[in-house]
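Quick look at what TrEMBL lists:
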type     : residues : note
DOMAIN   : 1-216    : domain 'GH16'
SIGNAL   : 1-19     : signal peptide
ACT_SITE : E102     : active site, nucleophile
ACT_SITE : E106     : active site, nucleophile
CARBOHYD : N110     : N-linked glycosylation site
Amino acid sequence: MARLPVLLIALFFFSAASVDRCRVEASFWDSTYFTWGTQHASVYNNGNDAQLVLDKISGSAFQTKSAYLFGTIEMLIKLVPGNSAGTVTAYYLSSTGPEHDEIDFEFLGNVSGQPYIIHTNIFTQGIGNREQQFYPWFDPTDNFHNYTIHWNPTEVVWYVDSIPIRVFRNYESQGVGYPNQQGMRVYSSLWNADDWATRGGLVKTDWSCAPFVAQFRNFQDRACKWYGPGSISQCAAETAENWYTSPAYGQLSNAQQGQMKWVRDNYMIYDYCKDTTRFNWNMPPECSKPQY
């Protein structure tokens, strides 16, 4: 694996400072509730930490009480250690209904000694199939790492430890769907997906390793809350309150583009825009457009 150059380490601290502006910490008690597997899930450390548990009986999940349209959502996550094959820890934004919008992080487990896969996807008006996957350049089970979704009227950016790994730009004017009409809640879950998660389902969950535990810390929602269709114009307005509409957040800086190139050159393992067989050379239209 490639090593992060000294220059990019400096750029990391620069971008971390810019991403962390206006930080708002939200207690899991105040901001979320468990939706299933409540017998497995728990909140502790004065509401700053939560954990989800998966065993052969059930997984578990939580979601935010509020929905959002634009802003930044971030959380520290420590993934299931050891033999996590067959398990998926999900962390994503989603609206509801058949034409829903969705912005995904999913962490696909693996057998001990093999890397997790960071799986990303985006749905617009119910249409997905925009997967990009990465190996982490660190062990995501030995400590907490920051996973951030930044979303504004111009672009969606996925960050890992303040390093951008993916961008999806708004080309709605050119016929490409973009998630800007529906409020989305934050969801997280830990569940068994051994029919597809690890090597396409060839490796099954080893239940002798259960219970599987994923930990979450310091949920932060620096985002415009959704109160219905009237929020579409309110949250997109270029005002001081809507800090994410500032030109500084309209495109990655040269430093951030350098960081992302390093990740994509060395750790990207799948890009739907390069899968000509899957799409029979009829590639999605955004694949021919610059994303950053």
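Each Cβ is built from the backbone N, Cα and C atoms, and glycine gets one as well.
Non-local neighbourhood of N110 (N-linked glycosylation site): S84, A85, Y116, I117, T198, V203, each in the same chain, at least six residues away, with C-beta under 8 Å from its C-beta. As a whole-number mean, the pLDDT of the domain 'GH16' (1-216) in this prediction is 90.
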